[in-house]
Every structure is written in C-alpha cells, then in structure tokens.
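Asks: Following this message is one structure expressed as structure tokens.
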Amino acid sequence: LQGIFVLGLPYALLHSGYSGLLLIVLAAALCCYTGKILIACLYEENEDGQLLRVRDTYEDIANACCKKLSPSLGGMVVNVTQVVELIMTCVLYLVVSGNLLSHSFPYVPVTEKTWSVIAFVTLLPCVFIRTLKIVSKLSQLCSLVHFVIILVVITYCLTQTHQWSWAKFRLSLEFEDFLVSVGVIIFSYTSQIFLPTLEGHMKNPGEFRCMLNWTHFFACILKTTFALTAFLTWGEKTKEVITDNLPSFFETLVNLCLLTKALLSYPLPFFAATEIVYSCISKGNHSNYRSPLLALAVRSSFLLLTLLMSMFTPHFALLMGLSGSVTGAAMTFLLPSLFHLKLKWKKLSFLEKCADISVFILGFLCSLAGIVCSIKGLLEVFG
C-alpha cells in the first residue's frame, strides 16, 4: 500500500501544513522503532546471555503474552487481525487496478469491474507461489516501478520551480482534515505484519536493525522530497491522488506504472495471508506445505475471495478506512508496544518503558480518530 499512500502525501500536506513535514519524519521514526521492538520479542536470552530466536511469528509472540489466559487466544486474535488486513489490502489492489485501467483506456467500452476481472486473470499464477524468494523478486520489480513513478512526478515538478511559493502552506488547520493527513502519513510506513517473516528469511538476521534504519531513513527522505515538491507545484489545487494533477500524457504513463505496481504488490500480502491460514490448518508448518493439494486449495480460495470482495463490496474506500484504522493501528503501534512491555518489562529501562507506553497511547488515539471519521463518512453515505 505504500505506493498508494505516497501519492496522497502532497494532499496530506495541503491539510496539515508545516506540521505535515514533521509528521513524515516522526512517523518514520515511530514505525522503525515498533518494527525493532516487535522483532526483539522473537528473542530471549539463554543462560550465557546470548540471544536465541525462540519465536517465529507474530502469532507466537501473542501466544507468549497471553499464555496465562489461554495458550492460543493471543495468536487467534493476531491471526484474524492480520488476515483481515491482508485480504483488504489484496482487494484494494484489485479495485485500484480496475480503476487505473478504466481511466487509462476511457474509450474502451468496458466497465471498471470488468477491468478488475481482467487484472485478476493476470494474478492467477499467484496460486503457484510457494516461497518468499519469488515474492521478494516481484517486490524488487515493484520497488523499481515505484521509483519510476516518483521520478516522473518529481521531474515534472522541478520544471515548474518558477511557480513555487512557501506561502502555499496553511497555518490554520481543520481538525478532521488533519486527522486524515495523520492517517495517510503514518500508514505510508507500515510493514510490521511482514517483518517477522522477513527477518526469519534473511541470510544475516543480525543486520535486520541496520536494514530497518536505512530503509526508513531513505523512505523518509524520498517521501519528504516527493510531497514537498508536488505540493509547492500545485498548492491549493493539489488533488487526493497527485497523478491526477499531471498533464494527460504523464497521467496515463504514471497510471500504467501504478497498475504494474499494484499487480506486482499483490503477491506479498496474498502470500502472507495464505501462509497464516495454512499454518493454522497444518499446526505451525510455515516453511513447506505438507499437503500440496490443500495448499493449492487455500491459495485458490483466497484468490477467488479477493475477486468477489472487489466486485461486491459497497463503499469500499470507507470500509477500507475503517478496517485500516482498527487493524493497521493495532498491528503497527498497539500490539508491538504492548507485547514488548509484557515480555521485556524486567529488562527495560525507564525511558524504554515510557517510549513503549507513549507509542501505545499514540496508536490508540490514531485508531480511535480513524474509526470515528470512517463511521461518520459511512453514516453520511447511507444517509
């Protein structure tokens, strides 16, 4: 979802002003921090003081925290939350793909839902993905396409420097619009769902913290540059998706790049969701499918489910915002900080405890605000 959220960053600056620039930096630091403490929960010290990886997944961490209440309660809650968010992410990619194809070829007499079905056909090979290695290669291509999109927009903006003005930044803010901006900025960095699996598949897991630092640092630089140059170019005319501000030729080019990115992004949440479901069915076997036919059935069912949801879910954007406010904030802020406090309380310094508690409170407030705004929007839509 990062590519989609990044395209909304200039619009977020329109409603958050100078505070938006600070939020982009703050969100990078917070998401990097929660990623680190989440991975720290996978490890425990042995008698010699060496760190050993005693847990493999988000589910294992949750079960360890809730074992006094129920051996599997925490894992069930986390798995349901993860699967819901991952499925909604996959559905969003299909909806976006149909929308982009519809706008790229407006003269073709095909409905947006039909375009979504056409995009779905290109994703059928996903049922044969069995390892993260394939997904990582597709993600590399996705990152390359993402870079091309950002480069095209920034290059065009740099040709318009003669009309840049810092006076375009707003000083007075409307609270609800500011909350929307906070959501867009914070959730453009979220990746916690994938981190335990990613760290577990790294050749050198010891380099994980360094990798997380550098990726968030460069993401912060790139997003700040992108949002700032685009907003300074269009100011009050900045649209929700910044590509809509581009001239028609560039808009079509970028839309096709976005379509490619959406299709290449689909396998990661799809793979993660099917891994979770299959591991529950096969009692924790995450690396290899014991039953190829069962694995194929799970992946095929999920693929079909995302298509049906993309075709029949009404007011999807608002429902996505509602589920994202609940699951996104929970998986990114609430649970990592809560689990870290629970598992590492005796070994944490006073400042570390304060940091975890602050992140938890911030995540709760963001989630609550997002839920209120989404429900208000749904009530307005349904009259």
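Cβ from N, Cα, C; glycine included.
Pasting the feature list from TrEMBL:
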DOMAIN    2-375  domain 'Amino acid transporter transmembrane'
TRANSMEM  20-43  transmembrane segment
TRANSMEM  77-95  transmembrane segment
TRANSMEM  115-132  transmembrane segment
TRANSMEM  144-166  transmembrane segment
TRANSMEM  178-198  transmembrane segment
TRANSMEM  210-233  transmembrane segment
TRANSMEM  253-281  transmembrane segment
TRANSMEM  293-312  transmembrane segment
TRANSMEM  318-339  transmembrane segment
TRANSMEM  359-379  transmembrane segment
Asks: Within the same chain, where does the transmembrane segment (210-233) have neighbours whose Cβ lies under 8 angstroms from its own Cβ atoms, ignoring anything closer than 6 residues to its ends? I mean 6 or more beyond.
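Replies: For the transmembrane segment (210-233), the nonlocal Cβ contacts are 2, 6, 9-10, 12-14, 20-21, 24-25, 28-29, 31-32, 35-36, 150, 153-154, 156-158, 160, 163-166, 168-169, 188-189, 202, 242, 245.
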Asks: Would you kindly check 20-43, 77-95, 178-198 and say which stretch has the most C-beta pairs under 8 angstroms to the transmembrane segment (293-312)?
Replies: 77-95
Asks: With Cβ distances under 8 Å as the criterion, find the stretch in 20-43, 144-166, 178-198, 253-281 that has the most pairs with the transmembrane segment (77-95).
Replies: 253-281
Asks: With a Cβ cut-off under 8 Å, give me the same-chain residues at least six positions beyond the ends of the transmembrane segment (253-281) that come close to it.
Replies: 1, 3-4, 7, 57, 59, 79, 82-83, 86-87, 89-90, 93-94, 96-97, 100-101, 103-104, 119, 122-123, 126, 129, 132, 134-135, 138-139, 141-142, 145-146, 148-149, 152-153, 193-194, 197, 243, 246, 289, 294-295, 298-299, 302-303, 306
Asks: In terms of Cβ proximity under 8 Å, which residues at least six beyond the ends of the transmembrane segment (115-132) contact it?
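Replies: Distant Cβ neighbours of the transmembrane segment (115-132) are 94-95, 97-99, 101-102, 197-198, 201, 259, 262-263, 266-267, 270-271, 289, 295-296, 299-300, 303, 306-307, 310-311.
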